[in-house]
Each structure stands twice: as C-alpha cells, then as structure tokens.
Amino acid sequence: MNVSTSTFQTRRRRLKKVEEEENAATLQLGQEFQLKQINHQGEEEELIALNLSEARLVIKEALVERRRAFKRSQKKHKKKHLKHENANDETTAVEDEDDDLDEDDVNADDDDFMHSETREKELESIDVLLEQTTGGNNKDLKNTMQYLTNFSRFRDQETVGAVIQLLKSTGLHPFEVAQLGSLACDTADEAKTLIPSLNNKISDDELERILKELSNLETLY
C-alpha cells in the first residue's frame, strides 16, 4: 500500500515536534546552551544568560557610556582648538568652568535616563540618547530598546540585583533563570509548561514561592 506524500510529511512534522519537545525538556538545544562557553579570546567561561530586564540595563549603560565618551572627545577637541588659538589664561579658566558645568549636565541627564519614572519618559530619553550616539539611524537598536522597555519586569539595578540573587540560589540552568526573570508566570504549572526543563528539577511549592517573590519585586511603571 502506498503512503501519500502528505501523510508522510505529517508524520515527519509530528516526530520533529516530539523531538523538539524532548530537547526543550532537557535543554538539548545547541552548543549555545552549554554551561561552558569559549569566548572570542579562545578562553573558557561560564554561560551567561540575561533576562529582559538585565539586557535592558546593560544596553542602557552602554549607551550612556558612549555618550560620555562622545562628550569627552568633544571636550578634548575643543581644548585642543583653544590651545592652537593661544587663548589667554582668563579665557581658559572660563572655558574650564564651562566644561565642569557641561559635565554636570551630562551626569544629570545620565541619572535621569537610568532612573526614569515612567515608560513613556524612558522611551523619550532613549530617542534622545540614540540621536546623540548613533545619529538616530539605528532602527534595530531603537526597536530592541522599545521592546525591552515594554516587556522588562524589573526597572532598576537594585531590583534586578535582588532578582539575580533570588534565582541564583535555585541552582537552575542560566537559561531557566533568565526565563523565570522574563516571563510573568502566575503558577508553577504555567512556568513548567513554558519552561519544560523545570519539570523534575524543582518542586511546585518551591517554584510557587519563587514566583510569588518575583511578583512582589516586579516594578510597575
């Protein structure tokens, strides 16, 4: 008896789905999930997996540092230009004072950006920062930051640090830790459905306790 091509393809899809589910349950998802990773220098290091809130803060800090570097470069160029013009001491003193004021303004802007009180204000600050550091041309980075801002559960460094400490104590795989920090699961059953590898690793009661603590730490804009 001949088996139709469509039937064969359907069976293959089912087998593939079963295989994918089994791999997800054991985190057999490729080399990038191995606990030991090789960095660009050829050195072995521990796997790092970030939840959405951590990723958001890392990128924000990188953008802030880029703006500071840009401002320092501008200041250095300005001083070099003044030196070539043989500015007198009085003028130089005034310029140095202006530089200090500019530095204070930059630090104030950075502080406001890192501690934005509302999602809307943070998105506005992101637009300004990207304009200053990338010319506003990096749409992918802008979309990434918008996504992270909209879906991050924990807003500030202190809260993210508390989340890291809480989840680190579980002894779970870094990927599982990152997923628990990103997904707003209400029950242990939901968490184990979305993160199949948690089954047989942690009891429902313990997982419920962790989910409750994560919910208490969650920041509402």
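Every residue, even glycine, has its Cβ placed from backbone N, Cα and C.
Note that the structure is predicted; figures quoted are calculated from it, not measured.
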Q) Can you tell which of THR92, THR118, THR133, THR144 Swiss-Prot marks as phosphothreonine? A) THR92
Q.
Across the compositional bias 'Basic residues' (71-83), what are the DSSP residue counts per state (helix, strand, coil)?
A. 13 helix, 0 strand, 0 coil
